[in-house]
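Feature list (source: Swiss-Prot):
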BINDING   H167, D168, H171, E183  Zn(2+) binding site
Amino acid sequence: MPPTPRTALLTVSNRCLQCHEIGLKYSFRSFSALNRPPPSYPGHVPLTRIERGVLAIGSAFGSLLNPRRHDLIAALGEATATPYFIYRLRDAMLSSPTGRRILRDRPRLTSETLKLPYLRSLPENSVGRTYAKWLDREGVSPDTRDSVQYIDDEECAYVMQRYRECHDFYHAVTGLPTMVEGELALKAFEFLNTVIPMTGLSLAAAIRLKPAERERFFKLHLPWAVRSGLSSEELINVYWEEQLERNVDELRAELGIEAPPDLREIRRMMRQQEKRAKEQQMKASGL
């Protein structure tokens with residue numbers, strides 16, 4: 001049964017309250033731009049509060065102007081995830097036996113570790129085959145994810161990296177494409193599941209949709225995102241490497257994710273309707 005509005009509000013409020021309580025325990029380190037502490041891990045760039053704020057604002061505006069600037073979206077995610085939200089996500093992993101194993105093992109999702117040729121050989125409806133087919137159809141690679149730079153805590157940096165590398169699995173099990181409309185639907189789902197601010201802020205890109213796309217998003221995909229995002233398990237705790245041979249429908253049901261409206265099929269049907277309407281108009285005008 002889908003959550004009631006009151007239950008949904010309480011769920012989000014509780015997750016945000018957890019973020020606030022965690023934030024009372026963790027604060028930004030104070031230092032100047034001329035006296036930076038040493039990096040906590042390879043590639044780490046310590047930022048002052050002002051620098052973090054400027055990075056958040058600049059990357060937010062830049063990614064709104066060009067939603068395909070994945071580097072800006074990544075920077076926005078890191079700049080707004082601390083000090084509260086990334087710790088909540090880390091603690092969600094610590095509260096789960098599988099999440100703790102992931103934190104201990106530190107697996108990485110790359111084309112080498114996933115062995116894409118093997119995934120393509122798996123049964124048709126398996127998680128691995130579905131994931132590989134989605135990568136091939138969308139023309140993307142698991143190796144394109146940016147490395148985390150701006151999160152100070154080394155363990156939390158891995159949590160953000162893990163979330164980032166799992167994003168394509170979320171696409172695959174839901175079937176949502178990488179077009180703006182599909183990304184917005186997935187980001188809305190991720191926001192309610194992870195409470196990472198960047199995923200919620202990304203919804204501002206809805207202003208870039210065409211009127212028909214925007215109406216479809218708010219009527220179909222946003223309600224789906226709310227239902228599934230609030231009722232599903234914490235996806236950060238899925239050990240995807242161990243699920244590759246499972247049936248994707250069974251896993252989706254186990255995680256509490258409702259299959260979203262098929263965006264590609266909807267767009268295909270609309271194109272056909274527009275084509276028929278145009279042909280009828282041409283016949284009526286005698287052309």
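Each Cβ is built from the backbone N, Cα and C atoms, and glycine gets one as well.
Everything Swiss-Prot records as a feature, shown here on the structure.
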| residue | record | CB count, 10 Å |
| --- | --- | --- |
| H167 | Zn(2+) binding site | 18 |
| D168 | Zn(2+) binding site | 21 |
| H171 | Zn(2+) binding site | 20 |
| E183 | Zn(2+) binding site | 19 |
Other residues, Cβ within 8 Å of H167, D168, H171, E183 Cβ centroid (Zn(2+) site):
F169, Y170, A172, L176, T178, L186
According to DSSP, E183 (Zn(2+) binding site) sits in helix
